[in-house]
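Visitor: Relevant sequence annotations retrieved from TrEMBL are reproduced here:
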{"type": "DOMAIN", "residues": "298-471", "note": "domain '3-hydroxyacyl-CoA dehydrogenase NAD binding'"}
{"type": "DOMAIN", "residues": "474-577", "note": "domain '3-hydroxyacyl-CoA dehydrogenase C-terminal'"}
{"type": "DOMAIN", "residues": "614-698", "note": "domain '3-hydroxyacyl-CoA dehydrogenase C-terminal'"}
Amino acid sequence: MAFYSRVSGSVGMITLQNPPVNALSAAVRQGIVDTMHRALSEPEVKSVVICGQNGKFCGGADIREFGAKMTGPPLVPMVHLIEAASKPVVAAIEGIALGGGLELALSCHYRIAHSKARLGFPEVALGLLPGAGGTQRLPRLIGVPASLDLITTGRQVTAAEARQLGIVDEVTDLNAVDAAVKFAQSVADKSLDARRISTYPCPRPPDLDTIFERAMQQVRRSARGAIAPGTCVQAVHAAVTLPYAKGMERERELFSVLFNSGQARALQYYFFAQRAVSRWSTASGARWDTSKPRPVHKAAVIGLGTMGRGITVSLAQAGFSVVAVETQEKQLLEAKQAVSGMLERGAKRRGVPLAHDKIKYSCSVQAVADVDLVIEAVFEDMALKKTIFQQLSAICKPGALLCTNTSGLDIDELASQTQSPELVVGMHFFAPAHVMQLLEVVYGPRSCPEAVATAMQMGKKMGKVSVAVGNCRGFVGNRMLKLYLEQAFFLLEEGATPEQVDQVLEEFGFPMGVFKVSDLSGLDIGWKVRKADGLVLPAFTGTSARIRGGSRYSPLGDLLCEQGRFGQKTGKGWYQYDKPGGRVAKPDPWLFGFLEDYRAQHGLVARRIDHQEVLERCLYPLINEGFQILQDGIAAGPEDIDVIYVLGYGWPRHRGGPMFYASQVGLDKVVERLEHYQQIHPDVPGLQPCRLLRKLAAISNPAIHKWREVIQKPRSQL
């Protein structure tokens, strides 16, 4: 709703009231229309101020109304009513003016912003474009290049940048509403002819065609198949080439195309999925709303390799006091320098003070005796981690949480080395840890609810999206990834090339294909894990070379590592590079010959593999494993899996995540294709559709938000 009052005798004040961000719900829109009519009809009122309660102007449209029957006044006539008002209307922007909130501000005749306010058009992240004149007014106000930047990227600007661009008229460090009231009084008698943005001519730079051509090329490169950024460019183009009324029609047409697209549905689902994962639950019944996190003031990081450094930076930037421990003197000095550089770059980028004083370095594990929480971040070696957990259990104060940054080792095995196994949880960060947003919080069967709640809250304070997952080999992300990698190797054996597989996956929307990612992270990492699992055997021919434990196995990655081809670090892997450490992947003729020899040696006949098979073979087994994870109770719902895959594994956001994608394809189709491939490859267990997937497919592909009702209460996740 919108509350109306009169201040200073002659100023009508309209206050939006819809916590937490004063979204433009039907009730708020109705309130704005009613109060505007009232302000314009009262002769005592000479000017109007629009503001939002609780220090937030307006966060835009109410996304919960999307897909429902729209009620209340539409947004476009509402903003036109404000712009056409006969009395000056001033927007008092505090906190945020985003999306429809910024369109509301642009319909006002003047805009006053608080210095800490942020403004922007984030619609593109929801698969949409600003649909209430944003694409038509903004270019008229600040020109085409700046408008294209803001609208196609969805980036938010500070009040200072908004002032520089010309979006706002004044910026204040004081109370923005008071400043707006004073300003409204000062312009009460001024003509509004030059203040209605829709009447402005849109600036036409001489190189207009080049600007739009470049903008289209840029969005095609960065959008990776998402249609909204390119559609935003088309809408801004209409502002330059059409009169305002026709431009508004074009904006409406383009908005409608996006609104009804599968991509918009996927992006909006993902928007809510990110919020859903904070309402976590565990297989034993612990929940986000009944589990209280413990206070953490001082944290420690053990091991200052790449991951430990990133975690240290994340903790310091979040305001925690950090004890950073590295027992190797040389490594400690290198880590100090690296962390300092990361903190300096971060402070410069974010415009905040340096957090150097938050970190104390030590060569001794004893230095962690008084911390509230420890994150162990040494390399993936169970014996080493066990030793460290035994030490920590003896050194740390009672009640200190012991966390491990592991990508797949058994949390319970580590917990069993301590006197308080209930205080042990996994905190699986993703590299680089100070940049990547995802954190898998892994609970074992003995982890207490407070420990899970504390790790989840720590992640949030570090700016991460924390997802609670159960304890199993590889947890959620890496457990599913194993199936994806396995199929990619099999496709090479059967006739595909790394370039072909990667091209299909990149066209789907992944930033990098599976083989390019493997070269980037290092082939030797997976090789080490496979060796530890007893999968790497001496070279020999015949079918047994490609079977492990009765199931099909591809030794291709092992054979490449035996040749010293570890990827970018050695200049050769699945691709070749100009030099060790090179970044540009080029097809390698040697690999082509190597694959031919390998197939000949194992009696494999190369066949033509089409685009669709690559996609289905890589993605459907991964999705099937996701259903198995839900069935096992390792993840509480499909949203958890989708958020993990979008944030941690490069799954294209405009496809919602693997589980949402399966719901769009049709679960019956996923089952049918898995069965098809299983008949051809009976020795690949990952192609066998899991029970939960079959069950959901049998009940006519229910909407994804209904899946939880079908997932039976899981047994213990182990």
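Backbone N, Cα and C atoms are what each Cβ position is placed from, and that goes for glycine too.
TrEMBL labels come from automatic prediction, so no person has curated them.
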Visitor: Which numbers of helix, strand and coil residues does DSSP report for the domain '3-hydroxyacyl-CoA dehydrogenase C-terminal' (474-577)?
Guide: 61 helix, 7 strand, 36 coil
Visitor: So what pLDDT does the domain '3-hydroxyacyl-CoA dehydrogenase NAD binding' (298-471) average out to?
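Guide: Average per-residue pLDDT within the domain '3-hydroxyacyl-CoA dehydrogenase NAD binding' (298-471): 92.
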Visitor: Looking only at the domain '3-hydroxyacyl-CoA dehydrogenase C-terminal' (614-698), what are its DSSP counts of helix, strand and coil residues?
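Guide: Final tally across the stretch: 67 helix, 0 strand, 18 coil.
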